[in-house]
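Student: When I checked Swiss-Prot for this same protein, it listed these features:
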| type | residues | note |
| --- | --- | --- |
| TRANSIT | 1-43 | transit peptide |
| DOMAIN | 55-251 | domain 'tr-type G' |
| REGION | 64-71 | region 'G1' |
| BINDING | Asp67, Gly69, Lys70, Thr71, Thr72, Asn181, Asp184, Ser219, Ala220, Leu221 | GTP binding site |
| BINDING | Thr71 | Mg(2+) binding site |
| MOD_RES | Lys79 | N6-acetyllysine |
| MOD_RES | Lys88 | N6-succinyllysine |
| MOD_RES | Lys88 | N6-acetyllysine |
| REGION | 105-109 | region 'G2' |
| REGION | 181-184 | region 'G4' |
| MOD_RES | Lys234 | N6-succinyllysine |
| MOD_RES | Lys256 | N6-acetyllysine |
| MOD_RES | Lys286 | N6-succinyllysine |
| MOD_RES | Ser312 | phosphoserine |
| MOD_RES | Lys361 | N6-acetyllysine |
| MOD_RES | Lys418 | N6-acetyllysine |
Amino acid sequence: MAAATLLRATPRFSGLCASPTPFLQGRLRPLKAPASPFLCRGLAVEAKKTYVRDKPHVNVGTIGHVDHGKTTLTAAITKILAEGGGAKFKKYEEIDNAPEERARGITINAAHVEYSTAARHYAHTDCPGHADYVKNMITGTAPLDGCILVVAANDGPMPQTREHLLLAKQIGVEHVVVYVNKADAVQDSEMVELVELEIRELLTEFGYKGEETPVIVGSALCALEQRDPELGVKSVQKLLDAVDTYIPVPTRDLEKPFLLPVESVYSIPGRGTVVTGTLERGILKKGDECELLGHNKNIRTVVTGIEMFHKSLERAEAGDNLGALVRGLKREDLRRGLVMVKPGSIQPHQKVEAQVYILSKEEGGRHKPFVSHFMPVMFSLTWDMACRVILPPGKELAMPGEDLKLSLILRQPMILEKGQRFTLRDGNKTIGTGLVTDVPAMTEEDKNIKWS
């Protein structure tokens, strides 16, 4: 279990996990991609504004069970900050903007908004809570520097509360602030106190500092409707203060060659194709040559424009949620899961050795052990790929709750390097979390593995 703690506590590798990038609305047409409300309508015409980097940039997001009020809270934050010029108010309907989301009343794809407090500039990801859309939630949490866990006071922690916390911890999100929502629906203050106690115990269970974590009680709906100031506006202001102070500004790796996992691909009439994502490391400039790798593709092109939240950038830095206009490509040429890199800086790999923690039944993992050649799906960066697990010589079974060294062979070569985190899923269960320790060459035996 000590090794499991190590895997969960290791800081997120700088070349990992990008998320949906909020930038294209209006006439832009996504290609098999999540709704990404924040990138740039402005790429269709010349951008009118330039992004000014005058505050530290931090990526945060709302996580939690379906219908606990994540999107309502996101809307309330923008409404309150808009009054001081720190945001543009985004209504609930603008955040949940995909037709299926509106029809079902739930968030399916991670959506994004931008806002600023007095101290910081934030890109905020509103992650889906419904169990059917955990895959999109994994992508949503991947680039986050910290999370706001939303728990309804009238429900307490629920199944997706646990799963979201588990996924956030697995991909290296180390700081969580809690908002106990819908407090206006609970008359008994003791019930709210019990919910807070249960949340702190849950945080501790998943390796967070449960006793130290800020917990703010309030009502996002009251804040949106500007009633009951103590539970409404003041609670959201307290939450923002807690996010400012408890979630640290991360150290960004600006020295290594740029790496941008592609979250979405869009076509802009009259201009071309845009890829969106969070720059995981390095600096990306207008005019840079780049390669797009993965999924058996190797495409070379040039970045002809960069935008973030409808503002143009001459250069993007690690941590920025951006859209990059690429020369001479059609949206059909590209897909989510590709990785944009400096030419020659990295190559896809099909085999890795890794330290892997297999989740126990109590942690939501498998009930039974598995053998060599078991085939889960590996999630890393913005891609997912079927893989074969090869147990060490002499090892017949991998048991739930066990920490061990494994070899994993992917169905197709993808971007993988030492220190990279990944998650293993089997059906609708997260079954393991791992860290790449080596990237060996494929043997003849490896090449003959059957995938049917």
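Here the Cβ of each residue, glycine as well, is placed from N, Cα and C on the backbone.
Give me the structural setting of these features: burial, nearby parts and distances.
Tutor: Secondary structure at Ala220 (GTP binding site), taken from DSSP and collapsed to helix, strand or coil, is helix. Spatially close to Ala220 (GTP binding site) yet at least six residues away along the chain are Gly69, Thr72, Leu73, Ala75, Ala76, Val150, Tyr179, Asn181, Lys182, Val236, judged by Cβ distances under 8 angstroms.
Taken residue by residue with DSSP, Lys79 (N6-acetyllysine) is part of a helix. Other Cβ atoms within 10 Å of the Cβ of Lys79 (N6-acetyllysine) number 21 in total over all chains.
According to its DSSP assignment, Lys88 (N6-succinyllysine) is coil. Around Lys88 (N6-succinyllysine), the C-beta neighbours below 8 angstroms that are at least 6 residues distant in the chain are Thr78, Ala82, Glu114.
Across the region 'G2' (105-109), the model assigns an average pLDDT of 38.
Within the same chain, residues at least six positions away from Lys234 (N6-succinyllysine) with a Cβ under 8 Å of its Cβ are Gly218.
Classification of Lys256 (N6-acetyllysine) by DSSP places it in coil, neither helical nor stranded.
According to its DSSP assignment, Lys286 (N6-succinyllysine) is coil. Proximity of Lys286 (N6-succinyllysine) to non-local residues of its own chain (separation of 6 or more, Cβ distance below 8 Å) is seen for Val303, Thr304, Gly305, Ile306, Leu313, Glu314, Arg315, given in sequence order.
In three-state terms derived from DSSP, Ser312 (phosphoserine) belongs to an extended strand segment.
Secondary structure at Lys361 (N6-acetyllysine), taken from DSSP and collapsed to helix, strand or coil, is helix. There are 11 other Cβ atoms within 10 Å of the Cβ belonging to Lys361 (N6-acetyllysine).
Long-range neighbours of Lys418 (N6-acetyllysine) (same chain, six or more residues apart, CB within less than 8 Å of its CB): Val436, Thr437, Asp438, Val439.
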Student: Between the recorded positions Thr71, Thr72, Ser312, whose Cβ has more other Cβ atoms within 10 Å than any of the rest?
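Tutor: When each Cβ's neighbours within 10 Å are tallied, Thr71 leads.
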Student: Using C-alpha positions only, work out which of the binding-site residues Asp67, Lys70, Thr71, Asp184 is nearest to Lys79 (N6-acetyllysine).
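Tutor: Spatially nearest to Lys79 (N6-acetyllysine) by Cα position is Thr71.
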Student: Across the record's GTP-binding residues Asp67, Gly69, Lys70, Thr71, Thr72, Asn181, Asp184, Ser219, Ala220, Leu221, the largest CA-CA distance in angstrom?
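Tutor: Between the outermost Cα atoms of Asp67, Gly69, Lys70, Thr71, Thr72, Asn181, Asp184, Ser219, Ala220, Leu221, the distance is 17 Å.
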Student: Return the member of Asp67, Lys70, Thr71, Asp184 nearest to Ser312 (phosphoserine) in space, with distance defined Cα to Cα and candidates limited to these binding-site residues.
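Tutor: It is Thr71, whose Cα lies nearest.
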Student: Counting other Cβ atoms within 10 Å of each Cβ, which of the recorded positions Lys70, Lys256 scores lowest?
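Tutor: If we count Cβ atoms within 10 Å for the recorded positions Lys70, Lys256, the smallest count is at Lys256.
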Student: Where does Thr72 (GTP binding site) sit in the DSSP three-state scheme?
Tutor: helix
Student: Work through the recorded positions one by one (Asp184, Lys256, Lys361) and name whichever has its CA nearest to the CA of Thr71 (Mg(2+) binding site).
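Tutor: Nearest candidate: Asp184.
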